[in-house]
Amino acid sequence: MEYDTRQKKAVLDLLRSSHEGLGARELASRLDGVGLSTVYRILSQARHEGLVAPAMRGRERIWSYVGSCSHHLHGVCASCGELVHLDEELSGKMACLLASKGLALSEDAMISLICPKCAKRGK
């Protein structure tokens, strides 16, 4: 049964407005009346719906809102957690390179990278 709740809207709105990935504990601490177990349940459901994607920042799993932009790949900065939308041309080239080796990306693939700001700072 799929339905939207006030809590789900709050979690997705916070992820949508964030320029970086957020962990489940951070989401729960920023949202009044939304417990950690509820956040985990919402993230799991939203991942299944293709609305969010997980990535790792160090040892922490962070989540980013990807919405309906399934036509290109996403990356997350391993240093600051910023979500990076990779353009369709680069996404296509990466898919072709992988296909030449018999590989394919999963629908929710998230590439770990270093964003330009962190690269400039030497992180």
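Cβ coordinates come from backbone N, Cα and C, glycine included.
Going by TrEMBL, these are the annotated features:
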{"type": "BINDING", "residues": "H71", "note": "Fe cation binding site"}
{"type": "BINDING", "residues": "C77, C80, C115, C118", "note": "Zn(2+) binding site"}
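Here the features listed in TrEMBL are painted onto the structure.
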residue	record	CB count, 10 Å
H71	Fe cation binding site	8
C77	Zn(2+) binding site	22
C80	Zn(2+) binding site	16
C115	Zn(2+) binding site	20
C118	Zn(2+) binding site	16
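Comparing C77 (Zn(2+) binding site) with the residue listed as 'Fe cation binding site', their Cα atoms are 20 Å apart once rounded.
For the pair C115 (Zn(2+) binding site) and H71 (Fe cation binding site), the Cα-Cα distance reads 21 Å.
In three-state terms derived from DSSP, C118 (Zn(2+) binding site) belongs to a helical segment. C80 (Zn(2+) binding site) sits 24 Å from the residue listed as 'Fe cation binding site', counting Cα to Cα.
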